[in-house]
């Protein structure tokens, strides 16, 4: 059979891994596919730059020429434009597309998917979420006959490494971030990671596929980890919790706003015996709950050149096999349910609140009264005396309160009222509790 032409757009760390593995494992890949893969072009910004392992004659700065005549186009440029227009051009020309572009998919997934379906070609993107971990295919294919109710994931290795080191080593946030940058786990500009935006893009993709409805990145409630302190980590550990940046997607039937779906990202407390609590370092994991299958967990390396290239190569081989066998185009991925995406205020959750309070008679009664008036039920209340800052300073205590379940709006209002009490010196932290 004639070779299948693969055009690559972008040749950074991941692109180089993909290209060199296609070239170096040609015989194995041909045996698995039933036809040879041939890299027809590698589109780059600078064709004169030396790229070890990639023949210079494959390099070009002409993206349009690279796409022309290709069977499979691999988009690894990143960003919104020109990646979006190039993908659409490739799909409309009859080429299947493999991409790892999570930001683009999180904003324009419906348009890209429709273009693939119209052209009867494939749009594959396993590498866009959690690197080497196979999660898109299980959600789309393996669980296609089931009903997924919840997806709970650690999908950003940078933040997981930072929080893990803060707990294990007792480091503060700045030191943990600097170490992550030194080791290559964090970018020079880590804003997208530590701000939660990278995880939010992945949450949008997962929610769209799991619940068959359109969820864009603008629908995702996002909080990052920049406010997490060493004291918060220590307090959490003493209470039997660990702090993780979680991407949470779920269907909700009984919210005050009516039934819908939720997609949110924030640092949260997980019980130390929860499956995700043991995910350390820069690893990722995704916990899926489905009606028939029950609880499933997917774990592995969520970033890096080789792990991400593995997912890209898997999509290339899968697409090539389908083409060799004469398979149809894009498998139907219905995201047309138009379910409402609920605001964070309507979500039911639990809070752990840490106050710095003045240690005097009546303080607990004052705070408890506010909670009672707002209808917020207290599950646990623990007070620890603080060391005085000087001889004349009033005695203070750390007061940790864990609540029962309530809407986020109601719990937030309770905290707002409690902080205004003269008995409260400072609000130290508010963290949601997940995994129960």
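A Cβ is built for glycine as well, from the same backbone N, Cα and C atoms used for every other residue.
Look at TrEMBL and you will find 202 tagged as active site, proton donor. The NADP(+) binding site annotation in TrEMBL covers 9, 10, 11, 12, 13, 14, 15, 16. Look at TrEMBL and you will find 102 tagged as NADPH binding site. Annotation comment: TrEMBL describes 187 as L-homoserine binding site. Sequence annotations record features per position, and here TrEMBL assigns domain 'ACT' to 352-435.
A map of TrEMBL features onto the structure.
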residue: 9; record: NADP(+) binding site; Cβ within 10 Å: 26
residue: 10; record: NADP(+) binding site; Cβ within 10 Å: 24
residue: 11; record: NADP(+) binding site; Cβ within 10 Å: 25
residue: 12; record: NADP(+) binding site; Cβ within 10 Å: 12
residue: 14; record: NADP(+) binding site; Cβ within 10 Å: 25
residue: 15; record: NADP(+) binding site; Cβ within 10 Å: 26
residue: 16; record: NADP(+) binding site; Cβ within 10 Å: 20
residue: 102; record: NADPH binding site; Cβ within 10 Å: 23
residue: 187; record: L-homoserine binding site; Cβ within 10 Å: 14
residue: 202; record: active site, proton donor; Cβ within 10 Å: 28
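Under the three-state DSSP scheme, residue 102 (NADPH binding site) falls in the helix class. Candidate binding-site residues: 15, 102, 187. Nearest to residue 202 (active site, proton donor) by Cα distance: 102. Under the DSSP three-state reduction, residue 9 (NADP(+) binding site) is assigned to strand.
Close to the recorded NADP(+) site, the chain also has 8, 17, 18, 19, 76, 77: residues not among 9, 10, 11, 12, 13, 14, 15, 16 whose Cβ is within 8 Å of the site's Cβ mean position.
In sequence order, 305 are the residues of the chain that are 6 or more apart from residue 13 (NADP(+) binding site) and have a CB within less than 8 Å of its CB. In this structure, residue 16 (NADP(+) binding site) is part of a helix by DSSP. Secondary structure at the residue listed as 'L-homoserine binding site', taken from DSSP and collapsed to helix, strand or coil, is coil. Secondary structure of the domain 'ACT' (352-435) per DSSP (helix as H, G, I; strand as E, B; remaining residues coil): 23 helix, 35 strand, 26 coil.
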